Amino acid sequence: MKIFNYKRVPYAEMRAFSVHILTASGSFLAFLGVVAAAEHRFIDMFWWLGLALLVDGIDGPIARKVRVKEVLPNWSGDTLDNIIDYVTYVLLPAFALYQSGMIGEPWSFVAAGMIVVSSAIYYADMGMKTDEYFFSGFPVVWNMIVFTLFVIDASATTALTVVIVSVVLTFLPINFLHPVRVKRLRPLNLGVFFLWSALGIFSLLMHFDTPEWALILFIVTGAYLYVIGAVLQFFPALGRET
């Protein structure tokens, strides 16, 4: 007499589910980031956040490779991914901004509140992507914005202005770049993105004591990534293959 009726799990399902576990691990990395931010260890927080973003960058291609949607149709990788993205792209950066007191009281609290509410609404927008894979409206990449504010040691006025402008742009039909999927100027866009990322890592290694030359390059490349989508929107022939 069998007490337990075990069912053999096919290897394909085990492999596919392991990808969901990889994606979900981003939540634990984000939790470690929250702990670090709560203790004002912002350098450590950004390292944890960077590791979470690395996981976010590799889980998608792996999921497509092992056909997760086909093998596990009852498990939504998109929903899981959105949950992790909201925590790592929005909630953790907003908490870090608040904890840092960069904007002062009560505006750090107000700014963080604006970030989390506007971003939650943006995630419900089914039309956030254009036909060319631009984001329509600021794509709530608050991880990049808040990280930039830390790197440049932004003043309260600068930080609050950047937050307000970005929140407003969340709801306007202004294009923002997806550096990988947008085809127009893709080599240049990817080059600028990788340079910005390398400079950010360098700044972390320097504990935000960044040399002036690196700081200028970081600001220029970040500004390019922020505005190039709108530039390509208003100049539709720019970067198109002839």
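Glycine is no exception: its Cβ is also placed from the backbone N, Cα and C atoms.
Relative to the membrane, Swiss-Prot puts His40 on the same side as Ala156. Against the transmembrane segment (215-235), the recorded stretches 16-36, 42-62, 134-154, 160-180, 188-208 differ in Cβ pairs under 8 Å, and the greatest number is found for 188-208.
Only pairs six or more apart in sequence are counted, and the transmembrane segment (188-208) with the transmembrane segment (134-154) gives three or more Cβ pairs under 8 Å, enough to call it a contact.
Counting Cβ pairs closer than 8 Å and at least 6 residues apart in sequence, the transmembrane segment (42-62) and the transmembrane segment (160-180) reach fewer than three and form no contact.
Against the transmembrane segment (101-121), stretch 160-180 has more CB pairs under 8 A than any other of 16-36, 134-154, 160-180. Simply put, out of 77-97, 134-154, 160-180, 77-97 has the most Cβ pairs sitting under 8 Å from the transmembrane segment (16-36).
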